[in-house]
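Shown next, in structure tokens, is the structure this report addresses.
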């Protein structure tokens, strides 16, 4: 009864741009479009509801939260669905303000500071992301209208929580978190930051590459001079999500167990 559920939301415009880059080869609606610009200009030309994989192409957050398929124009139904999410999740983080989110999460769960010191994962190489124009951003928010309603609601509630926490206190906590992350990057990582995925020789740390036509994903390689204790800590921070999931499953279910 006292379980604490939390999740995360992201501006549907940048989330959609990221999905197009990451799932380019896997999603029929994206494959049918000759380019990102063509998809953004008229997504309905390429999108067919109900086609396997096309859930990535429209209102992905709404899908991930398991919300009912309602019309964006039905304000009552949209508000009811968002209210159901709010009743379950005590905190919804914001991807665009992830450090502030981690501070709120840490205090909500009474975690120590180092519990939320983490390296970003699933990123693309610096300079490889072509920013959306203002019109493209507006168009993607319109296309993902349910996600935009969801995001706008939790964006408001997030900043209410920040105001209650205290803006000055939040700024101090975020600066402390970033200093600690930078120190851990220097301590742990070859080059002090992310590297192209294919250049990482350790398969346990090499991030999944989504494949033909999709964006490259960067990852991390550890310094060779780490002692055993540092290596354990740094490896946990540098491990990509798929390998970390496997690690957790082995811990939960044993070497030969599965999640079902």
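Cβ atoms are placed via backbone N, Cα and C, with glycine included.
The structure displayed is predicted, hence computed values, not measured ones.
Sorting each residue of the compositional bias 'Basic and acidic residues' (243-252) by its DSSP state yields 10 helix, 0 strand, 0 coil. Among the features that TrEMBL reports, compositional bias 'Basic and acidic residues' is placed at 243-252.
For the region 'Disordered' (188-208), the residues of the chain that approach it from at least six positions outside its boundaries are 119-123, 125, 216-224, 226, 230, 233-235, 237-240, 242-243, judged by C-beta separation under 8 angstroms. The region 'Disordered' annotation in TrEMBL covers 188-208 (among others).
Residues of the same chain lying 6 or more positions beyond the ends of the region 'Disordered' (232-260) and with a Cβ under 8 Å from any Cβ of it are 117-119, 121-122, 184, 187-189, 204-208, 219-223, 226. Per TrEMBL, region 'Disordered' is recorded for 232-260 (among others).
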